[in-house]
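Asks: For reference, TrEMBL lists these features for the protein:
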{"type": "REGION", "residues": "12-35", "note": "region 'Disordered'"}
{"type": "COMPBIAS", "residues": "12-23", "note": "compositional bias 'Acidic residues'"}
{"type": "DOMAIN", "residues": "82-305", "note": "domain 'Anoctamin dimerisation'"}
{"type": "DOMAIN", "residues": "308-891", "note": "domain 'Anoctamin transmembrane'"}
{"type": "TRANSMEM", "residues": "319-346", "note": "transmembrane segment"}
{"type": "TRANSMEM", "residues": "397-417", "note": "transmembrane segment"}
{"type": "TRANSMEM", "residues": "480-507", "note": "transmembrane segment"}
{"type": "TRANSMEM", "residues": "527-548", "note": "transmembrane segment"}
{"type": "TRANSMEM", "residues": "575-593", "note": "transmembrane segment"}
{"type": "TRANSMEM", "residues": "691-714", "note": "transmembrane segment"}
{"type": "TRANSMEM", "residues": "748-768", "note": "transmembrane segment"}
{"type": "TRANSMEM", "residues": "846-867", "note": "transmembrane segment"}
């Protein structure tokens, strides 16, 4: 057997496969995959990605059939990033537990795992990778397999993966800033360039081995940076096979880790985060990131995005670029929001209708109708005095101004982010990323159906037929729809709770304000119900989140997207749709449904024929919506920080505690990193999801809570540094990944921005009392409807509370047991209806129809104005700046010119050589004849 050119596969015809997951289980002869490429040109390797022939090697009984890594002892250099020879760089580390030293009785299982691992490592060596194994210093059961990719392997797979590499230094000059006078200020906020030096810019092109001389190769060791090396090695690790069962092959490092054959697989951090490496050749990028990015003293500084991208890859870099830009834009929104809040706070003493509620001769003498049957008492309006004062802060003219401003702000944010994103695409060489992205190994493994490509008219493999794809889409959509219905059911449960517990609070809480207990001023039945329901709603949201995350991943795995970008976009849409309903449904209920369909005391509307619908306070439901937003936003921020900061910190602390007795031993870099926490492949996805949910709260319901942008700003300033601290200190280094943009989150934000205009307009129109107050002020405070000689808000409360005759109560409400407020013949309720004795008693009056017309007119006018401004801004601000377009066109031109000229030089040189040989041959033939 020629070990250098053939795969080693375990053939186990009757063994049970104990692996987890569902990838790779397809007939090997029908599955496209990698074959050993040693001594083959890269064009053949690329061709072999589409067609593989796996030899049937039979049962391998002896370990001599495997190629095993070299075992070396740790050389005592704790900061070393190289093999023991000091020359070959460690690009990846695999960790496993030696089966011969395991304290377990499952010898058969251990033997199977050992043979699978040996077959896998043998195939890695066959694919050109170099391995070196070292036992753990602290635990001799652990073995660390260090992986190095030689120059030839890097070049081969760089071409396969279409990785862009430098052609020549960038000769385009940066335009000087228009704010030159503020350079001193921006210098304070920027990272010190003497500490983190700016990256040299290059013109780049997809790498080709046959044009290697065209690329800017000064030093072979530095041509592929550590992040690119790790990407290439991970690409190989994810596609190499290790087992064959019934003509079905198993493959990939992810599957081996999931099944426990390997404990971990990760690239190395380059040094400790608290101090620089002792190795003079180490760039100490982790140390620099911690010092200038993750440390609390750098909280006011800009992020070193180029270094983040270089160390962690474009995917991490684009996330922090977006989060930083979003936080900067929140600063403007927070300033305007605080100004509107202060306007409401300073003018609350001028709130006439609140004064009427609190006045003992007005609100103190208005008897309100019971808000539930039998157990609820009559109550005086002035018990809502404190809540009415708070409502004046949020339900003011400043709220309207802020809602309009936020409609414009969100458009500016999205448009300017597109421009910033286009700049990053150019600077980070991701402009044509979609053409470069490879299929996921899980997708490749399922490609068993042969079809004819409509464009190339050549055969290609796909994972399922059109009919199979329809079935999968139907099943996935049904599963998502089922879970959304489950969330709606939980919201209905919360509503039933509110209706039930309101009766209890109405019966137990005091009905009068005696002035001796300050709690009575705030703890009304409505307030107590709102707070407890909001807390329970938050708990249910967190529980459903935990369950649905796993369900959404299962559904997306079943759907089988082709590329990692497609996978994340599909998962993003499912998760956001669920989170949208989960987080926002209770807010939508309070804003647009609560108190809107209650009937009147003589003919109330019942839920499920049993529970009487909730009513709002006399001032509306706006304050309750504010309470709901505060609890959910605050609770979510606290919960996320506990999950993101405390849990990994505690886990690492426990690990250090267990190792403290052996801490005097010097441990190598790979063992230090192994004891850090792993970050899942979807770790960044959850960070995006958290921020987008926050973005929804900031925009969708901002008319009820102008301080939301301020809370989001404070949270995000901390979030950036907390995420940076986690990545640099608590987690293993992530495998660098490419990303062109923020993916499906961009259209989601655009959808939220469009919806936000509608929700804020409807909150002002239907949830707040702004429109009824304006209608009263301009129409019903003066003749012919009012009695005042000039426009005023006096009498507003009396005008907006309708009268009900107690004798007209139905049986459920008669015989009210509470008589502390005396016997009354009438009571008041919040609606616009004719009084008893009127020819149209209890029908909606003229005030109601004026208010409805004004609300609809307001919504139409506000929406059209904001949408017009939004579309104008979108049209006026191009997605890609003129400067960036020029750079992209210049790079394409110079790249093509450079490659073309070099190609012509090579052809000219070759033609010259051929011409010289032809002349020489002709001369040699003619000379004898002449002689």
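Every residue gets a Cβ built from N, Cα and C, even glycine.
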Asks: In terms of Cβ proximity under 8 Å, which residues at least six beyond the ends of the transmembrane segment (846-867) contact it?
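Replies: Same-chain residues near the transmembrane segment (846-867) but 6 or more away: 403-404, 407-408, 757-758, 761-762, 764-766, 771-772, 774-776, 779-780, 785, 799-800, 831-833.
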Asks: Count, for each of 480-507, 527-548, 575-593, 691-714, 748-768, the Cβ pairs lying under 8 Å from the transmembrane segment (397-417), and report the range with the highest count.
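Replies: So the stretch in question is 748-768.
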Asks: Summarise the model's confidence over the domain 'Anoctamin dimerisation' (82-305) as a mean pLDDT value.
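Replies: A mean pLDDT of 84 is what the predicted model shows over the domain 'Anoctamin dimerisation' (82-305).
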Asks: When only pairs 6 or more apart in sequence are counted, do the transmembrane segment (575-593) and the transmembrane segment (319-346) reach 3 or more Cβ pairs under 8 Å?
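Replies: With fewer than 3 qualifying Cβ pairs, these stretches do not touch.
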Asks: What residues elsewhere in the chain lie close to the transmembrane segment (527-548), defined as a C-beta under 8 angstroms and at least 6 residues from its ends?
Replies: 387, 483, 486-487, 490-491, 494, 497-498, 501-502, 505, 509, 575, 578-579, 582-583, 586, 624, 627-628, 631-632, 635-636, 639
Asks: Taking the transmembrane segment (691-714) as reference, which of 319-346, 480-507, 748-768 has the most Cβ pairs under 8 angstroms?
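Replies: Looking only at 319-346, 480-507, 748-768, the most contacts with the transmembrane segment (691-714) come from 319-346.
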Asks: Give residue numbers and ranges for long-range contacts of the transmembrane segment (748-768): same chain, 6 or more residues beyond its ends, CB-CB under 8 A.
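Replies: Distant contacts of the transmembrane segment (748-768): 395, 399-400, 403, 406-407, 410-411, 414, 572-573, 576, 590-592, 596, 620-622, 625, 692, 695-696, 699-704, 855-856, 858-859, 862-863, 866-867, 870.
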Asks: Please indicate, using numbers and ranges, the residues of the same chain that are 6 or more beyond the transmembrane segment (480-507) and have a C-beta under 8 Å from a C-beta there.
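Replies: 370-372, 375-377, 525-526, 528-529, 532-533, 536-537, 540, 544, 548, 551-552, 555, 574, 577-578, 581-582, 585-586, 589, 607-608, 611-614.
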